[in-house]
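As given in TrEMBL:
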| type | residues | note |
| --- | --- | --- |
| BINDING | A:109, A:110, A:111, A:112, A:113, A:133, A:134, A:146, A:155 | NAD(+) binding site |
| BINDING | A:188, A:250, A:269 | Zn(2+) binding site |
| DOMAIN | A:72-183 | domain '3-dehydroquinate synthase N-terminal' |
| DOMAIN | A:185-334 | domain '3-dehydroquinate synthase C-terminal' |
């Protein structure tokens, strides 16, 4: 077994480790016990992940003498809602966990966001440990402390900032993902290059096949992504400024997810982000901020790995542009009147634009759906 | 109109004012507009308070040009639950408030705790303004940032720490309270004396009639109480240490509230705290930590103002001592095995005892209910 990589997130008073490597689920009990003595845990997972990874995790916790009570929820984005949040909270309280005990999220972003929210509100904040099993969760949602659920009004509109105590990213589990899921996580890795790491984007253009195949390039790309996210989070934990850069592709992406009813058969988060990033580059080009060549380069790479890049790549019809604008208007990143978007001046040169006229966005979307 | 008193809570990066005085609801719009420009608000209140104070508040906000959308909930402790939390969140989102906008809580502790929780989780944290209309809320729950709801497992087990941006305590509105409600708030004022302000407790013994009657003593006692609470909160915002002192009387009190099904006809929070404080002093005397004379003095004063001080003051039967212990065991302040109580060495000499044997508490409660 190769030595795991550790990315340290030095948040003041709440520093934590992201451990990245092969076979970590089988070592989870030891990794946790080495950092915290005598805690009990509730393990939250979904039906799909439970079948693959729950027993190995529970066995590992048991070996380390950690008392664990599991809760298995339905798989899918629809689980990120109030009813399931209440179930998780009840499970934690029924297990009589105390403030110093921990909630362990074993799963992808849905399980992480939901369990992290529960950990953030039961007893006004318990310990939280992430064991992300999707690439998306390993490089994005398990790092940074954002938790939340969806409502009829939009995605992630209810939640808290609650930092994990530990993240264990087992790179072996990614072999159980479908190609489509892996690609969706890849979109977020590419995002870090497009925000401010042009060299990383170029490296991905050359090495993406190796990242998909596994091996050292995969772990390296995950570690670079976690470090990139951690750097932004440390600088701006509560998204009052620079952290908004992480939303590159997300304002369009969230609107598309809402417009397709969060139906993962039609569009998953990473795919929405892929299309959203291409739209952000194209819109930047249209506003004469970036070259159309950069938009083409982004689109070409994402398409090469098999990601959707156009509105027309989404199967089934989209609602009217007015309704898309309504979803954009309800996005958390909105400031009254003008819209806030992450736009770009080129590959790795993204910036926060807080004065985007809604009329320009509307016209751009109308054209895009016609093309 | 006399000049209001202002208690400043200098939390780093989130400093806020507690304004205490007569006629503040009629001036709320101006007070808010003077501190924050251009924000919109959702006003959350209950049916009882709405009939008395909602129109004056809305008129005042309107005069200051603040757009406000009101939501009126049922009155009573049962409103502090998930279903009503979801209603408040939906109302905020339907009103399309943004992150910089505010939730205004117009009411007592129930409305404040519930709306503050909603403000803490919608868009992962919005601005929050408290307009407390009960004495309890003015001297306790509106200060310090604790928010939450109850579940079948106990009181306030789900919530977040979310500090207000402003607290407006209108001392005129206390004249609309019943004697019983005023007394319940008075218990929390007396608590500050019993924790670490023996002079204030003595002052209350001499001046309580004036506090009940209104006038300068009332505003003075409220300001001293808010300052006392603010001092503790600044020292320990997230209750990792000294803040636990504020729970004097609360571990017993919460168990009694749970045991009476949060039925306000039988017991309101402040009454539970009053009995709980007397029990804490009596238990301390029994453990040879304090003199029985101090317990008598506390009991005598609380009884003089008309508060309950004994288990037998609660109408209707109590559940078994085993069940009371179970409620104590589910209290947030529990550490595994040994129980944590706030005990005392005398008037104004309370301390955190984290090694209280459950068997001693059990025997003490058995005796008390027999007496």
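Just so it is clear, glycine is given a Cβ too, placed from its N, Cα and C backbone atoms.
A map of TrEMBL features onto the structure.
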| residue | record | contacts (Cβ under 8 Å, 6+ apart) |
| --- | --- | --- |
| A:109 | NAD(+) binding site | A:132, A:134, A:136, A:137, A:140, A:141, A:142, A:269 |
| A:111 | NAD(+) binding site | A:44, A:45, A:46, A:49, A:73, A:79, A:105 |
| A:113 | NAD(+) binding site | A:80, A:141, A:146, A:147, A:148, A:149, A:156, A:159 |
| A:155 | NAD(+) binding site | A:254, A:257, A:258, A:262 |
| A:188 | Zn(2+) binding site | A:135, A:136, A:139, A:140, A:225, A:270, A:273 |
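Summarising model confidence by region, the domain '3-dehydroquinate synthase C-terminal' (A:185-334) averages a pLDDT of 92. Shown for the domain '3-dehydroquinate synthase C-terminal' (A:185-334): DSSP residue counts in helix, strand and coil, namely 107 helix, 0 strand, 43 coil.
The Zn(2+) site is set by A:188, A:250, A:269; from the centre of their CB atoms, other residues of the chain with a CB within 8 Å are A:136, A:140, A:187, A:191, A:249, A:253, A:270, A:272, A:273, A:276. Assigned with DSSP, the residues of the domain '3-dehydroquinate synthase N-terminal' (A:72-183) fall into helix, strand and coil as follows: 47 helix, 30 strand, 35 coil.
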